[in-house]
Amino acid sequence: SQYSAVDTNPLSVYIMQPVWNKIIKIVPLWIAPNLLTFSGFVMILFNYFLISFYDWDYTASGSSPGLVPTWVWLFSAFTTFCAYALDSIDGKHARRTQSSSPLGELFDHGLDSWATSIFVLSFFSVCSRDNGKTGVSVYTMYIYLSIVLFNFMCSHWEKYNTGVLFLPWGYDISQVVLIAAYLLTSAVGVEVWQKPLLLGYYITDILVILLIGFSLFLSFPQTLYNIHRAHLKKTLKNDSLYEGLLPLVSPLLLFVLLTVWVVLSPSNILAKQPRLFLWMVGVAFSNVICKVIICQMSGTQPELFHWFLFPLALVVYGAISGLLGWMEEAVLAVFTALVTAAHVHYGVCVGRQLSEHLNIYIFSLKKCVQE
């Protein structure tokens, strides 16, 4: 299917696009667009592991002065900007080199679905978890992450039904806010997050309020409106309500299972291992959404239950029933490793299949030679 996207965000249209149009001129024409996409993703990953090294349990910024060196925050701002730039120019570069393909579209959105959670998890290190005085509780982190992922899911669910990807306004704004947050932290230290800013509210409170406001009053209503408009114009991709709602079943069940684990865990798993648990949430979500993106691109129906829900249900049952007992943390660690490996394996397989099918290399503009 032909890729079509609509971007109406003033920040993107008037400020960022002119910047990207200048940057793109520097990119050599022999570089494959997927290489740009992938480089950005690798930078985000590297930055995430760097922050994790200094702040495994999200407590470093709560201790004054912070335990994370200033250069790490500067590096975070730099990598976030680079990833944002690379993600914004890869499509332009593909059109410039006349190498746009379904593989590129899937590669871009698939990596975005994973990067979305990694951005959020890196940001949590800036404001630190609740230590009784300042910081954000691990439950707020979980809700915050879930809302961001819900927004991402909505835009792709909308594309599944309308055939058009309306780029969410939140994307550009969130990237600019992230970069600003890292620069602010490197300039004045983590203390800025530990003092009330307005009327007794902390910066983090204000960001959470803005995020929830954006999602519930802007993003989600816009999605429903766009689908409704396509319905009136008779341009909907799916005839029945069942088919239209099908892609939402697995992500919502995933959220329900994870939330049950968070709330009913005997050892309070989220508080014990926030980094592992939230990473697992992000990877699982990305895998479920990649399936939806592939179905939307190929015009096929997603299965009702994603395979991943079954092992997850077993683990959650084992945990909340007390069967796992003291092994709950170890099981989470093993489960997280397996899910991550499965997701990477899935990505590699789909990439290879598409590259063979379309007769193109993933990271090179040379055409494959037909046997």
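Just so you know, glycine gets a Cβ as well, placed from its N, Cα and C.
Now, the feature entries from TrEMBL:
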- 26-50: transmembrane segment (TRANSMEM)
- 70-86: transmembrane segment (TRANSMEM)
- 136-154: transmembrane segment (TRANSMEM)
- 199-220: transmembrane segment (TRANSMEM)
- 241-264: transmembrane segment (TRANSMEM)
- 276-294: transmembrane segment (TRANSMEM)
- 306-324: transmembrane segment (TRANSMEM)
- 330-348: transmembrane segment (TRANSMEM)
Two-stretch contact, the transmembrane segment (276-294) and the transmembrane segment (199-220), at least three Cβ pairs under 8 Å: no
Contacting positions for the transmembrane segment (199-220) when only residues 6+ beyond its ends and CB under 8 Å are counted: 127, 134-136, 140, 144, 147-148, 150-151, 154-155, 168-170, 173, 177, 192-193
Spatial neighbours of the transmembrane segment (306-324) far in sequence, C-beta under 8 Å, 6+ residues away: 250, 253-254, 257-258, 260-261, 264-266, 269, 284, 287-288, 291, 331-332, 335, 339, 342
